[in-house]
Amino acid sequence: MLTQEIIIVILAAGKGTRMKSNHPKVLHFLGGKTILEHVIETAQSIKPKKIILVYSDQKKPVLSNIYNIPIQWIIQKKPQGTGHAILLAIKKISDNTEILVLYGDVPFISPVSIKKLQKSKKQSKISLLTAKVKNPNGYGRILRKKGKVISIIEDQDASNEQKNIKEIYSGIFIAQSKDLTRWLKKIDKKNEKQEFYATDIIALAHLEGSFIKTIEPLNYEEILGINNKLQLSNLEKIFQKKQINKLLINGVTIKDPSHFIFRGTLQHGQNVEIDTGVILENNVILGDDVKIGPGCIIRNSSIDSNTNIQAYTIIENSKIGKGCIIGPFAHLRSNTLLDRNVHIGNFVETKDTFIKNESKVKHLSYLGNSEIGSKVNIGAGSITCNYDGANKFKTIIGDNVLVGSNTQLIAPIKIAKNTTIAAGTTVTKDVNTPCLVYNTKEQKYKKNWMRSKKIIKKN
């Protein structure tokens, strides 16, 4: 673990114009989290003395209140480069302490590589995270003389000869705040972008006779940055592959890994099976022997053991008990709670509904703002009419109730246990004792009636 005396500065002030979006670049999503969220979580795992985040928008990003450790937000009102952004952060630091600089658009940097970087700092004034790559386009190049780092040249300022250099700079480094302040105050804006480049401090450190150490990350993917939607898409693929490989190694059966999308966190038991085309988002919990059929979307929900989620079912913000059968083509919306051995069938939609043990809603029904007892059977086409155009009301159905097909339950309403409701009934009043509930509907006949005939148009 790194020392707690380190201060982490995250640079997130870039406008991200190449994303061609109204949203800040670092607030685009990668693997179910914002790009910036990945970086902050890594920083948080190191347990630093402080995290300082430099941003450009007048309004703080929505992440400002998420994390337990406080984040100090510093605005860079005008885009004057990374050197200027780091100097703004250091001005808020009173003592001479170790500074780690991370970037808000480099999401895969690992705590292990940061630990290596900090360890190497003990041997130098400044330690850089670098890598040797086949295609260095877009990155600053490491310039060496007799093996020693003497400076960094940005891609847009590099000569043709310098552009052939394969060793690149990630932008991530560690140095003492006192040294950084001295170097940053000496840099200028004589470059293509007319900005203060943080990379210029390397040449200054060299001129002072400082030894500059370089460390490579565990893998090249850790220093990949995001500047456009293509790069975001490529990193999403990398993220998905890593997450899926972890699940496979940990015993989850994924029948078609190339068509499984996982954006968030997954806790799982043994013998979990996931079919093709499944999407899991946010925080998902799958118990032992859970089976997820093809095309399902499960978002921020928990599913207990031995439950079978059949094809093309959507489950959102819900909790499913043991031994349930859901789907196919069911939609369990927010705050659906199912007890044990509940069956939700084809084209059933639920919301804000609690269904107790062994109840069945097998066809073409809607249950909203409802509490359903145990061993209840809801017939096809039954609807809880919970909304009057302004307010929503609750339907409460007791144990062992049989609701016939095509029934409308006009909320607020309560149905006593052991009641039977005949098919086609509209229930408008509470049923307080067990009985048969039905509407009298006279069946009529019209004799000598004939169907209409098609009119044949003449040309």
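Cβ from N, Cα, C; glycine included.
Given the structure is predicted, the values throughout are model-derived calculations rather than measurements.
Of the residues proposed, Ala380, Ala416, the one Swiss-Prot records at the same acetyl-CoA site as Asn386, Tyr387, Ser405, Ala423 is Ala380. Taking every pair among Ala380, Asn386, Tyr387, Ser405, Ala423, the residues recorded as binding acetyl-CoA, the greatest CA to CA distance is 22 Å. Within the same chain, the residues at least 6 positions away from His363 (active site, proton acceptor) whose Cβ sits under 8 Å from its Cβ are Gly345, Asn346, Phe347, Val348, Gly379, Ala380, Gly381, listed in sequence order.
Summarised as a single figure, the pLDDT of the region 'Linker' (230-250) averages 96. When the binding-site residues Asn386, Ser405 are scored by other C-beta atoms within 10 Å, Asn386 scores highest.
Taking each Cβ in turn and tallying the other Cβ atoms within 10 Å, the top scorer among the binding-site residues Ala380, Ala423 is Ala380. With helix defined as DSSP H, G or I and strand as E or B, the region 'Linker' (230-250) counts 20 helix, 0 strand, 1 coil. Listed in sequence order, Gly368, Phe393 are the same-chain residues at least 6 apart in sequence whose CB falls under 8 Å from the CB of Tyr387 (acetyl-CoA binding site).
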